[in-house]
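Engineer: According to Swiss-Prot, the record shows the following:
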- 49-63: compositional bias 'Polar residues' (COMPBIAS)
- 78-93: compositional bias 'Polar residues' (COMPBIAS)
- 155-169: compositional bias 'Basic and acidic residues' (COMPBIAS)
- 1-125: region 'Disordered' (REGION)
- 139-169: region 'Disordered' (REGION)
- 453-473: transmembrane segment (TRANSMEM)
- 475-495: transmembrane segment (TRANSMEM)
- 505-525: transmembrane segment (TRANSMEM)
- 529-549: transmembrane segment (TRANSMEM)
- 568-588: transmembrane segment (TRANSMEM)
- 604-624: transmembrane segment (TRANSMEM)
- 629-649: transmembrane segment (TRANSMEM)
- 659-679: transmembrane segment (TRANSMEM)
- 681-701: transmembrane segment (TRANSMEM)
- 740-760: transmembrane segment (TRANSMEM)
């Protein structure tokens, strides 16, 4: 053991570098190009060059993990097998060869220790050197973890304590996900930050002073899939978007980072400065210790880290230019955050406007996805009846912001046209998000074209016009339908708007009032008032035809949750109407025993006169839904064409309501989509009045709405109780089933027409069609 202390020792750091050829030829390892120490002569003298192995304070008690090999040949075989295993496991995960790797990623040549076997004359010395060799060649670093060879899987060249101290039994695939996350956060700034690292070492500036001069890669760097408009390098190659490519607009190759990520970038410099000082202070050692306690951080040599302790006292060169650069970066980040907030606000307001003004519900998610893609926002959308769940993702911080857009769904054809115009301008990049927000705010703040009192008159006129062509009423019934429509319109547009409690029972109360008054007018002797025509005509506008149509379209477009909820609600809604009609008729029958029992009109007007009432009904119902006068010609033309198809198809297919509705809806859809494709109009606003014409016609073809009247006649004539009306479930359910048949046929025809005109969909904007 005395000979060990007398002979000159080789610095411990010499064991980790240098090729076997250099070692055997007697080349000094300190002059090797792979020698990983500082270039400063002072650091070489102050750290390891003057220390021997015995002076490191290593005792036999510390050698708990030392592997003893009694045979020298076994040692050589063990070393050769370990070197082969290390070379196999140290290949890059990206499949690059040794020649394709960057200079800083290439593996260091393994040190050949075979020439050291016979250097010592004492057997104890040889055994002790073997212990050191066995531990140095292991993956865990043995006695001195900082001197272990750097594995090539540490591609980033960063401090990775978890990899350095990991157990050999843990497969490398367990760390694949974490490695991917780190690679994504580093982004395209690896070469840039390496250059800045060298520059910061030359200038002797403080680590963490600015983002650009930091010698450590920023964990919050822009991700590969994102870019910041204030970053110097925002280029990316073939990056895939986050949103699935099931719709027409391809996902953007780059999306904006979120607000939280930008805010963290704003305060990243201060956080990095404090954290770097704390972490580096633990790695700094005194000259008496000679070696760092955290030498396992293999990328930073001990000599370089030892001079970090006095950097704060040195003069900082070029501080003012860096401060100006930092202030400029903060200003750009502030502008970036404002732009992101404007885009988020535009998406939310566009969603609210589309829901309030009657956009096709089965295409709402498609519209919002396309809008977010054009605005380069990572957004996910889920539509439920009455609300839209919006999630704005931020992959930089692995967080998301969830917004709930909830509003009462209505129908406003003119405002829908205006919102669609803003949507098209933003999608085609002719209007910014901030200007779009201003326009949407103005549209939302504008009042309706027609006040409530005018809507009441239009409702009454619609009831009068639908009675002759749909339910067979004569000229006398027009006045009665107008009067009862006036009552229903007052309940809907005046009383329901003022009382929230009454709005929940509006449908039942309206059906009770209409059936009661209709039977009262029909019981007047020699009045020629048709009880069934005036009752159905007055209730035609509150039929759940549009609700069932939206549900059928959603189910056909695979929106199962929204479609199922809407369909079930429409069926229950139909049962409410049927119950109200039965109850109102029975009430008047109990009060007046000579009440009329006729549910069909004895006198019918000429079928050719019916065609005159269709355009009048189309105009009135379009104005009732807040359509502009400029939109009326196209609506009237499409509506009249659809009714002509319905009338002649009903002559040939008398017992097939759904087939007749499908043919008419196909013609309506083709005309509406051609209007959108050729004249660049809004197809949904032109098609909706024509669809409203089809629903009452389909209902009247089977007289399903009169099932409640038939039940009321049975109650009055047989002097039975109301419980008799529930004995025949087929009569109470027939109205809802007829509505479903008509709307399913309409939905099939509309989808077929969209496929006929737009076989491949639209390239950039959503298809604003039913």
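The backbone N, Cα and C atoms fix where each Cβ goes, glycine too.
Are these features on the surface or tucked inside, and what are their neighbours?
Structural biologist: Residues 479, 481-486, 488-490, 492-494, 530, 532-534, 536-538, 540-541, 600-601, 604-605, 609-611, 613-614, 616-617, 620-621, 623-624, 643, 696-697, 699-700 of the same chain, all 6+ positions outside the transmembrane segment (453-473), place their C-beta atoms under 8 angstroms from a C-beta of that stretch.
Below 8 angstroms of C-beta separation, residues 452, 455-464, 466-468, 502, 506, 509-510, 513-514, 517-518, 521, 527-530, 533-535, 537-539, 541-542, 601, 605 of the same chain, each at least six residues beyond the ends of the transmembrane segment (475-495), sit close to that stretch.
A Cβ distance under 8 Å defines the sequence-distant neighbours of the transmembrane segment (505-525), meaning residues of its chain 6+ beyond its ends; these are 480, 484, 487-488, 491-492, 495-496, 531, 534-535, 538-539, 542, 573, 576-577, 579-585, 587-589, 592, 594-596, 598, 708-709, 712.
Non-local neighbours of the transmembrane segment (604-624) in the same chain are 413, 450, 455, 458-459, 461-462, 465-466, 468-469, 472-475, 541, 631-632, 635-636, 639-640, 643-644, 647, 689-690, 692-693; each lies 6+ residues outside the stretch with a CB under 8 Å from one of its CB atoms.
Counting same-chain residues at least six beyond the ends of the transmembrane segment (629-649), those with a Cβ under 8 angstroms from any Cβ of the stretch are 413-414, 417, 469, 607, 610-611, 614-615, 618-619, 622, 659-661, 663-665, 667-668, 671-672, 675, 681, 685-687, 689-690, 693-694, 697.
Long-range contacts of the transmembrane segment (659-679) within its own chain (CB-CB distance under 8 A, at least 6 residues past either end) are made by residues 634, 637-639, 641-643, 645-646, 649-650, 653, 686-687, 690-691, 694, 698, 701, 741-743, 745-750, 752-754, 756-758, 768-770.
Note on the transmembrane segment (740-760): residues 545, 548-549, 551-553, 556, 567, 570-571, 657-670, 672-674, 677, 687, 691, 694-695, 698-699, 767, 769-770 of its chain, located 6 or more positions outside it, place their CB under 8 angstroms from a CB of the stretch.
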Engineer: Should anything in the same chain at least six residues away from the transmembrane segment (529-549) have a Cβ under 8 Å from its Cβ atoms, list it; otherwise answer none.
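Structural biologist: Same-chain contacts beyond the ends: 411, 459, 462-464, 466-467, 470-474, 476-477, 480-481, 484-485, 487-488, 492, 507, 510-511, 514-515, 518-519, 521-523, 566-567, 569-570, 573-574, 577, 581, 596, 598-602, 621, 624, 688, 691-692, 695-696, 699-700, 703, 705-706, 709, 739-740, 742-743, 746-747, 770.
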